[in-house]
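Peer 1: Have a look at the structure that comes next, please.
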């Protein structure tokens with residue numbers, strides 16, 4: 001049944017907000033809000049909805065890539081040509097359809113060749129060389145403007161600071177870490193409260209930081225997968241016929257093809273993947289994919305598919321690109337792999353909004369190149385629907401090759417010792433009685449938002465994140481420590497803008513004293529100095545800067561349930577001040593574009609709690625401007 005226009009508009013706005021939030025988390029906060037499969041499904045649904053509407057905004061996620069660079073942290077770098085994404089296909093039939101359509105660019109009787117490459121699960125990087133010297137390295141950003149990460153990328157051993165090619169080139173490629181290197185670093189990080197979640201997030205965090213860790217950066221690798229030049233061919237072309245022996249290179253006459261260009265780049269010491277293959281028909285492409293699929297675990301780094309490109313640079317130029325992706329390339333995504341392990345226990349965690357989420361404690365097992373020992377189970381209904389008992393053998397997979405997921409139980413392996421799981425009735429953190437937020441809700445929540453220390457620590461961590469108030473070093477460990485500091489404790493959130501250097505010196509994570517840290521192994525300690533660290537000063541400076549954040553970011557910082565970046569911006573634009581939002585009635589909130597009844601009620605009810613109004617008033621009196 002077709003959507004009424006109003007419903008379709010609201011659905012498009014919701015999908016847009018979800019996709020932008022996921023991109024921001026992925027590209028700026030080095031984390032994942034959802035699996036690749038879930039994200040791809042959102043993008044496909046948005047395209048379908050816009051098609052049904054007969055219109056798409058030029059800034060729609062369906063027509064754009066990445067997310068705007070964080071120019072408050074990094075200098076901007078304008079790419080010579082847009083650094084685009086790739087369209088995805090999820091079956092060989094879809095890939096064959098793309099192949100047949102793309103092959104039509106080739107004249108009758110002219111062989112059309114394709115390059116097959118591994119789709120490495122890393123971070124896209126653009127390297128700019130001028131007359132042989134590396135002058136900048138940048139992230140993808142929004143495809144047009146990226147973030148300057150040159151100083152960090154200079155530590156990556158496989159990136160040459162000088163190459164034997166004249167002129168100005170941008171080399172596009174993937175920064176990644178090999179599995180054994182990632183495992184080695186995680187072994188060296190046992191003193192941390194938690195290890196790095198996955199290789200991709202590790203790489204993103206390493207190259208997108210103002211405080212680089214040389215040891216970590218030296219573990220990162222790079223492979224080139226594209227290039228462009230200020231002059232000569234565009235859309236992936238550079239004049240590789242040039243006689244460059246004067247620059248120390250080897251004179252090589254080649255056709256203007258991607259595969260032969262890779263060979264030329266390799267001669268110039270630019271790393272190129274040895275798994276790249278030239279294919280002359282679809283049967284060869286299919287064989288390549290099957291061979292990689294069967295031997296995927298032999299590849300020393302994480303991959304999630306195969307990229308297929310037309311080889312001819314001239315034909316690439318003829319096919320061109322959309323605003324989001326080239327028409328001459330596509331990514332075939334592998335189905336998620338699965339394996340069997342034991343469900344040892346089911347435990348629960350408490351989130352920043354009070355939601356209590358069960359998760360599976362698994363017999364540790366290797367899956368797709370990394371050890372898996374935990375997987376979310378969402379809620380009691382999911383556990384029941386999947387017929388899970390503690391002690392079961394279960395089949396698991398990585399959804400989107402990242403997030404561990406329990407698919408089902410294997411009841412035929414039961415021996416009678418299995419135990420039924422029941423959600424706890426009390427909060428494991430504060431002891432409050434758990435309950436649904438409203439009649440009919442599946443999720444249980446801890447209603448003690450003001451005093452539950454786990455919720456408080458989660459809110460502080462969220463407040464400090466890059467997408468909210470961007471407070472340096474206010475991450476998980478530090479948020480936990482603040483919420484347990486005797487001076488603040490349960491009022492740490494309210495007193496956030498009162499924090500001083502002296503307060504941070506009292507925290508072990510900011511103090512170079514000989515106190516044992518709760519986040520380190522027994523017996524570990526800090527060196528014996530008694531002055532605040534640079535980290536402490538950076539954090540205090542960040543708190544001061546955060547006072548001048550725009551109103552919509554403060555709305556996020558208040559941790560109002562259901563409020564994301566899109567709805568926060570809509571509220572800020574509509575009302576203009578925090579006081580107007582506090583005093584707004586539900587019918588006034590419903591007039592805000594893209595706000596439905598659920599969000600309107602959530603915002604209205606949030607400001608009816610006296611302690612939350614006190615939070616706003618205290619922040620205001622402590623210098624927070626709320627966008628004024």
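Count begins at 1; order follows the chain as displayed.
Backbone N, Cα and C atoms are what each Cβ position is placed from, and that goes for glycine too.
Swiss-Prot lists 36, 37, 38, 39, 40, 85, 86, 117, 140, 174, 309, 333 with the feature NAD(+) binding site, giving sequence analysis as the kind of evidence. Residues or ranges marked as active site, N6-AMP-lysine intermediate by Swiss-Prot: 119. Per Swiss-Prot, the feature Zn(2+) binding site maps to 427, 430, 446, 452; the stated evidence is sequence analysis.
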Peer 1: Quick one: pull the CA-CA distance for residue 452 (Zn(2+) binding site) versus residue 140 (NAD(+) binding site), whole Å only.
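Peer 2: For residue 452 (Zn(2+) binding site) versus residue 140 (NAD(+) binding site), the Cα atoms are 40 Å apart.
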Peer 1: Around residue 309 (NAD(+) binding site), how many other CB atoms lie within 10 A of its CB?
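Peer 2: Other Cβ atoms found within 10 Å: 23.
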Peer 1: So among 40, 86, 119, 140, 309, all listed as recorded positions, which is physically nearest to residue 427 (Zn(2+) binding site)? Use the C-alpha atoms.
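Peer 2: Comparing Cα positions, the candidate nearest residue 427 (Zn(2+) binding site) turns out to be 40.
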Peer 1: Cβ atoms within 10 Å, counted per site: which of 119, 140 has the most, among these recorded positions?
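Peer 2: Of the recorded positions 119, 140, the most buried by Cβ count within 10 Å is 140.
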Peer 1: Under DSSP, is residue 309 (NAD(+) binding site) part of a helix or a strand, or is it coil?
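Peer 2: Note: residue 309 (NAD(+) binding site) is in a strand by DSSP.
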Peer 1: Tally every other Cβ atom lying within 10 Å of the Cβ atom of residue 430 (Zn(2+) binding site).
Peer 2: 17
Peer 1: Distance between the residue listed as 'active site, N6-AMP-lysine intermediate' and residue 309 (NAD(+) binding site) at the Cα atoms, whole Å?
Peer 2: 12
Peer 1: Residues other than 427, 430, 446, 452 within 8 Å, Cβ to Cβ centroid, of the Zn(2+) site?
Peer 2: 350, 354, 428, 429, 431, 432, 447, 448, 451, 454, 455
Peer 1: Between residue 140 (NAD(+) binding site) and residue 446 (Zn(2+) binding site), how far is it from one CA atom to the other, in Å?
Peer 2: 40
Peer 1: Which entry in the list of binding-site residues, 86, 427, 446, has its Cβ near the fewest other Cβ atoms, using 10 Å as the limit?
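Peer 2: 86, out of the binding-site residues 86, 427, 446, has the fewest neighbouring Cβ atoms within 10 Å.
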Peer 1: On the three-state reduction of DSSP, what should I expect for residue 119 (active site, N6-AMP-lysine intermediate)?
Peer 2: strand
